[in-house]
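Peer 1: Mind looking over this structure? Questions follow.
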Amino acid sequence: MVKICCIGAGYVGGPTMAVIALKCPSIEVAVVDISVSRISAWNSDQLPIYEPGLDEVVKQCRGKNLFFSTDIEKHVYEADIIFVSVNTPTKTQGLGAGKAPDLTYWESAARMIADVSKSNKIVVEKSTVPVKTAEAIEKILRHNSKGIKYQILSNPEFLAEGTAIQDLFNPDRVLIGGRETPEGQMAIQALKDVYAHWVPEDRIITTNLWSAELSKLAANAFLAQRISSVNALSALCEATGADVSQVSHAVGKDSRIGPKFLNASVGFGGSCFQKDILNLVYICECNGLPEVANYWKQVIKVNDYQKNRFVNRVVSSMFNTVSGKKIAILGFAFKKDTGDTRETPAIDVCKGLLGDKACLSIYDPQVTEDQIQRDLIMKKFDWDHPIHLQPMSPTAVKQVTVTWDVYEATKDAHGLCILTEWDEFKTLDYQRIFDNMQKPAFVFDGRSVVNVDKLREIGFIVYSIGKPLDSWLKDMPALA
């Protein structure tokens with residue numbers, strides 16, 4: 001029986017291994033992690049992450065050929081294939097601070113693999129890592145090999161949170177990069193055989209190691225670039241009276257461009273986009289390509305600009321002050337159908353409003369109060385360290401309350417900001433919300449969720465990103 005071990009039981013390792021176990025009943029899959037609380041959650045009825053369809057997959061396989069354990073060394077020792085899916089945070093100090101990835105956790109995983117292994121292993125990079133990481137890992141393993149042979153493969157994940165299980169069941173492509181040696185090709189074939197249980201062969205792409213590593217960064221950079229492009233246009237639409245949804249619909253009809261990732265919003269979030277672009281910028285700078293680095297930096301600059309612009313619009317619309325005013329925040333996750341808050345635009349928007357002394361009442365159907373408070377006090381990039389190395393019990397931000405009732409969040413508020421596109425926000429009783437708000441009542445729609453005309457009929461003053469401004473907003477321009 002082939003044995004697979006995955007080091008790291010997070011958003012990538014957990015779902016990926018659960019689907020491999022489901023699709024490959026003849027393979028034993030163990031997911032290991034240093035965090036006792038995380039492994040306990042994977043072994044409980046309350047999984048540590050929310051992802052549609054994940055519960056069912058885990059429950060079908062857990063205890064049969066899918067195991068979650070903190071006994072890392074035992075499972076690494078027994079495994080034929082080891083996936084490494086550990087955190088690769090952005091460095092906050094030292095060489096490359098603010099851009100370069102911190103490979104501390106990756107290196108310690110590699111050294112541990114070398115320490116406990118007694119048989120040949122295939123080691124698979126699953127975390128998002130910079131180009132040439134495989135080479136560094138190879139050196140660590142080779143210099144500590146004790147006669148054991150290791151093959152390093154790059155198998156980047158291309159999952160979208162909220163649809164991760166469907167993405168795993170029916171991927172656009174599975175990418176496997178390896179050495180162009182006979183041993184490297186055998187390792188590629190071994191991993192290919194795992195995926196071939198359910199993925200058509202023409203969707204399994206094989207490349208050299210560096211191409212696979214760079215393809216992951218490039219894919220995320222291209223997606224983020226599309227979002228920043230349409231967001232840049234949204235500012236121009238507001239200035240000229242155009243409607244960004246009409247513009248993006250027209251542009252998306254061009255078959256060369258296509259309609260995906262053309263929705264204007266308050267900005268992109270998630271664990272990968274910003275981190276991967278910073279990583280790309282750093283690689284470009286290290287390779288003497290400053291013009292290329294500056295090109296990709298601009299994608300992040302526009303994203304930051306969009307968040308700042310949104311905050312400025314809120315403050316300027318409400319008589320240039322939100323001090324002491326209750327503002328309802330609807331949605332805190334970085335997108336719908338996930339509880340993930342990593343790099344969510346809501347953090348920067350909330351911090352901007354709190355900086356102007358607003359009182360925030362936050363509602364999100366999947367994010368806990370503890371997580372929201374943690375996010376609002378955490379330093380930049382701290383979120384990407386393992387949970388046990390993050391601040392333990394954050395000091396609560398006093399001007400923030402979190403509620404599980406959307407109508408409670410909006411009661412007596414001066415304005416409400418929609419920051420996540422949860423489907424339920426389309427069907428709320430906005431008349432009831434309006435009746436219980438302070439007047440004038442403002443809606444700031446950062447996700448193009450609401451029917452602007454209907455809300456204006458009720459009596460709201462509505463700002464929707466990239467849509468023609470109503471007269472109130474034109475009279476109170478947002479200062480950039």
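Just so you know, glycine gets a Cβ as well, placed from its N, Cα and C.
For reference, TrEMBL lists these features for the protein:
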type: BINDING; residues: 8-13, Asp33, Arg38, 86-90, 127-128, Glu161, 272-275, Arg342; note: NAD(+) binding site
type: ACT_SITE; residues: Cys272; note: active site, nucleophile
type: DOMAIN; residues: 328-452; note: domain 'UDP-glucose/GDP-mannose dehydrogenase C-terminal'
Peer 1: May I ask for the distance between Tyr11 (NAD(+) binding site) and the residue listed as 'active site, nucleophile', taken between their Cα atoms and rounded to an integer number of Å?
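Peer 2: Tyr11 (NAD(+) binding site) and the residue listed as 'active site, nucleophile' have their Cα atoms 12 Å apart.
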Peer 1: When DSSP states are grouped into helix, strand and coil, how many residues of the domain 'UDP-glucose/GDP-mannose dehydrogenase C-terminal' (328-452) land in each?
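Peer 2: Tallied per class, the domain 'UDP-glucose/GDP-mannose dehydrogenase C-terminal' (328-452) gives 42 helix, 19 strand, 64 coil.
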Peer 1: I'd like the number of other C-beta atoms within 10 A of the C-beta of Asn87 (NAD(+) binding site), please.
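Peer 2: Neighbour count, Cβ to Cβ under the 10 Å cut-off: 20.
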Peer 1: Compute the C-alpha separation of Glu161 (NAD(+) binding site) from Cys272 (active site, nucleophile), stating it in Å without decimals.
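Peer 2: That comes out at 11 Å between the alpha carbons.
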Peer 1: Relative to the Cβ of Asp33 (NAD(+) binding site), which residues of the same chain, six or more apart in sequence, are found under 8 Å away?
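Peer 2: Non-local contacts for Asp33 (NAD(+) binding site): Ile7, Gly8, Ala9, Gly10, Gly13, Ile39, Phe68, Thr70, Ile72.
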Peer 1: When you measure from the Cβ of Gln274 (NAD(+) binding site), which residues in the chain that are at least 6 apart have a Cβ under 8 Å away?
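Peer 2: The answer is Ala224, Phe268, Ile300, Asn303, Glu343.
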Peer 1: How many Å separate the Cα atoms of Asn87 (NAD(+) binding site) and Cys272 (active site, nucleophile)?
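Peer 2: Computed Cα spacing between Asn87 (NAD(+) binding site) and Cys272 (active site, nucleophile) is 11 Å.
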Peer 1: To the nearest whole angstrom, state the Cα distance for the pair Thr90 (NAD(+) binding site) and the residue listed as 'active site, nucleophile'.
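Peer 2: Taking the Cα atoms only, Thr90 (NAD(+) binding site) lies 11 Å from the residue listed as 'active site, nucleophile'.
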